[in-house]
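Novice: Once you've had a glance at the structure underneath, I'll fire off some questions.
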Ligand SMILES: NC(=O)C1=CN([C@@H]2O[C@H](COP(=O)(O)OP(=O)(O)OC[C@H]3O[C@@H](n4cnc5c(N)ncnc54)[C@H](O)[C@@H]3O)[C@@H](O)[C@H]2O)[C@@H](O)CC1
Ligand SMILES: Nc1ncnc2c1ncn2[C@@H]1O[C@H](COP(=O)(O)OP(=O)(O)O)[C@@H](O)[C@H]1O
Ligand SMILES: [K+]
């Protein structure tokens, strides 16, 4: 299943969400008003998704339960058949007042009957404790019998900041902002499709989900160099360089050179092969100020030539995309090797490469941000939850992507796409995020199983569909 995740949505942790709500309460907004707003947004989606089927709302002891009672009341008002199974009782505050207003069918969770649609309002961003055995068994029976499980804010039992825990849903309606649990790792996948309910709580954050890019507009006198000239350094496994170069062409580069002692043969002829005699000859090829970006790493190998090619690329003044073996060659010395910020450097490690380069303490958001700040590079930390971190602390998360990308070579394509977008110059959205988006979007339009060689044509379609500025 390819999860749907809202684009350009804010992501905050539980403490930041609570602070945002407190700030709103300090302006005079009441907790009841906010809970009504949250419940109304959720009821709207549930009534659409339920399509007239009977709904069971599981209502817990906290404010998440309070939202659940509002949802039940608003669904009943729309003549949706709805009943409540309660787990504990909200003792005070808005949640207790919402529970008191529910005058429809209600029973204890342990006595609940299966329903086709279940709304999980047991636990939200409060710190979850494991359910005791009887409740856990009942809950899994109710969930297993449901055709549609909709979680309010989080699948109950998942920790908002880490996604750890055990709840699952088909659809999760995030309130006000996404939380790390919605996007990271197994917890993210357990949330199913994500909908964002706008409850008008301002959430200042520099962490967002990825959004469709705007690409730079061509001038009337555009030429193959101004469109983006890139050099892809080819190494011990020339097929990988070929893939990167092919993807760069697909992503709109005007001129792609494939440089190496034995660059891959074969179509497309639009790839300009530059065969060099010795690795040191790369220096002369890169002595060309029309080059907008150099991609190095895909299939580079780790032999002596690989070291030489990397040294030359690092010594050049060009923007760099560093991937694959080049990342492993840099290892822990990445910050000193890539040097000061006279040009843009993008590193694209998968989890294994990341661990060889950086300290992975904390969750993926925290670790990737720290790595970008320590290295001064933009980091694309790949995986089912790809985290892009910028040296200024901003983060963008791309998730909900076709798992069919888990094929050798798909990372090579990504490096080429990012190189092409970097070389295309400024004027549109950030080229690194644009590259990640185009790669994911193209994959999402493929079937579950596809050959990476087939992806570039789809990438071109996505590029052509993007707005320009
Ligand atoms: N702060 C606000 O005013 C708003 C909060 N909203 C909702 O409130 C939620 C957060 O509310 P809370 O902070 O009350 O947190 P929860 O609704 O997650 O509930 C936490 C309560 O559940 C208890 N609990 C946790 N695990 C348990 C277990 N295994 N067995 C029994 N009890 C258990 C905790 O001790 C705590 O009392 C959000 O996720 C959202 O749904 C929305 O209504 C919007 C407004
Ligand atoms: N399960 C998955 N779901 C979505 N995307 C994935 C998954 N596994 C890998 N990817 C993506 O596929 C690409 C794989 O890159 P990488 O690991 O470098 O492979 P390679 O070097 O063999 O090309 C990355 O863009 C990564 O984010
Ligand atoms: K919930």
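Glycine too: its Cβ is placed from the backbone N, Cα and C atoms.
Caution: TrEMBL annotation is automatic and unverified by curators.
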Novice: Can you find which of 156, 166, 226 TrEMBL lists as binding K(+) at the same site as 64, 120?
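Specialist: Candidate listed by TrEMBL for the same site: 156.
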Novice: For the AMP site that TrEMBL assigns to 382, 383, 384, 385, 386, which of 352, 411, 416 is also named?
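Specialist: Answer, per TrEMBL (AMP site with 382, 383, 384, 385, 386), from 352, 411, 416: 411.
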Novice: With Cβ-Cβ distance below 8 Å and at least 6 positions apart along the chain, what are the contacts of residue 64 (K(+) binding site)? List them in sequence order.
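Specialist: The answer is 121, 122, 123, 124, 125, 126, 152, 153, 154, 156.
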Novice: Identify all same-chain residues not among 64, 120, 156 whose C-beta atom falls within 8 angstroms of the centroid of the K(+) site's C-beta atoms; report them in sequence order.
Specialist: 58, 60, 65, 68, 121, 122, 123, 124, 151, 152, 153, 154, 155, 157, 167
Novice: Of 120, 383, 384, 386, 411, which binding-site residues come close to ligand 2, meaning Cβ under 6 Å from one of its atoms?
Specialist: 383, 384, 386, 411
Novice: Counting every protein chain present, what is the number of Cβ atoms, excluding its own, within 10 Å of the Cβ of residue 66 ((6S)-NADPHX binding site)?
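Specialist: Other Cβ atoms within 10 Å of residue 66 ((6S)-NADPHX binding site): 28.
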Novice: So for residue 384 (AMP binding site), how many other CB atoms are inside 10 Å of its CB?
Specialist: 19
Novice: Should we count any of the binding-site residues 64, 120, 128, 156, 386 as near ligand 1, judged by a CB under 6 A from one of its atoms, and which?
Specialist: 64, 128
